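Visitor: So Swiss-Prot lists these for the protein:
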| type | residues | note |
| --- | --- | --- |
| DISULFID | Cys35-Cys59 | disulfide bond |
| DISULFID | Cys38-Cys88 | disulfide bond |
| DISULFID | Cys56-Cys107 | disulfide bond |
| DISULFID | Cys60-Cys109 | disulfide bond |
| DISULFID | Cys87-Cys112 | disulfide bond |
| CARBOHYD | Asn80 | N-linked glycosylation site |
| CARBOHYD | Asn103 | N-linked glycosylation site |
| SIGNAL | 1-24 | signal peptide |
Amino acid sequence: MMVCPGKPGASLLMLSMLFHIIDSYPNNEMARGGCDECRLQENKIFSKPSAPIFQCVGCCFSRAYPTPLRSKKTMLVPKNITSEATCCVAREVTRLDNMKLENHTDCHCSTCYYHKF
């Protein structure tokens with residue numbers, strides 16, 4: 001049986017490279033799955049050193065359940081599963097000159113408005 005001296009060295013090199021890649025993987029939203037609790041977080045894109053901008057980010061619950069029969073009868077296109085979700089939104093919303101102004105100083109889980117204009 002012939003032993004090649006390069007094989008253990010190559011294996012150790014590959015193993016150390018793998019550990020280096022895993023260790024250097026960023027501990028950011030993608031690494032955590034993007035599901036922290038609903039809270040205020042600084043927006044790095046729009047913030048300036050003298051004027052930080054915060055926004056509500058995080059996960060709230062979502063669930064799916066069988067559609068009740070009485071509801072299914074009233075649907076134009078009946079579906080078997082109904083889903084319900086809440087989003088992380090600003091607690092206080094005011095209007096200023098007919099423009100919605102969201103004051104992101106406190107966050108909570110509430111109705112998702114991302115699809116509404």
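Glycine residues also receive a Cβ, built from the backbone N, Cα and C atoms like all the rest.
What you are looking at is a predicted structure, and each value in this text was computed from that prediction instead of being measured.
Help me understand the surroundings of these features in the structure.
Guide: In the structure as shown, the Cβ atom of Cys59 (disulfide bond) sits within 10 Å of 15 other Cβ atoms.
With a cut-off of 8 Å between CB atoms and residues at least 6 apart in sequence, the same chain places Cys38, Arg39, Cys56, Val57, Gly58, Cys59, Cys60, Cys107, His108, Cys109 near Cys88 (disulfide bond), listed in sequence order.
According to its DSSP assignment, Cys56 (disulfide bond) is in a strand.
Cys112 (disulfide bond) is surrounded by 15 other CB atoms, counting those within 10 A of its CB over all protein chains shown.
Just so you know, the Cβ of Asn80 (N-linked glycosylation site) picks up 7 other Cβ atoms within 10 Å once every protein chain is counted.
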Visitor: So which of the disulfide-bonded residues is most packed in, judged by how many other Cβ atoms lie within 10 Å of its Cβ, out of Cys56, Cys87, Cys109?
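Guide: The residue with the most neighbouring Cβ atoms within 10 Å is Cys56.
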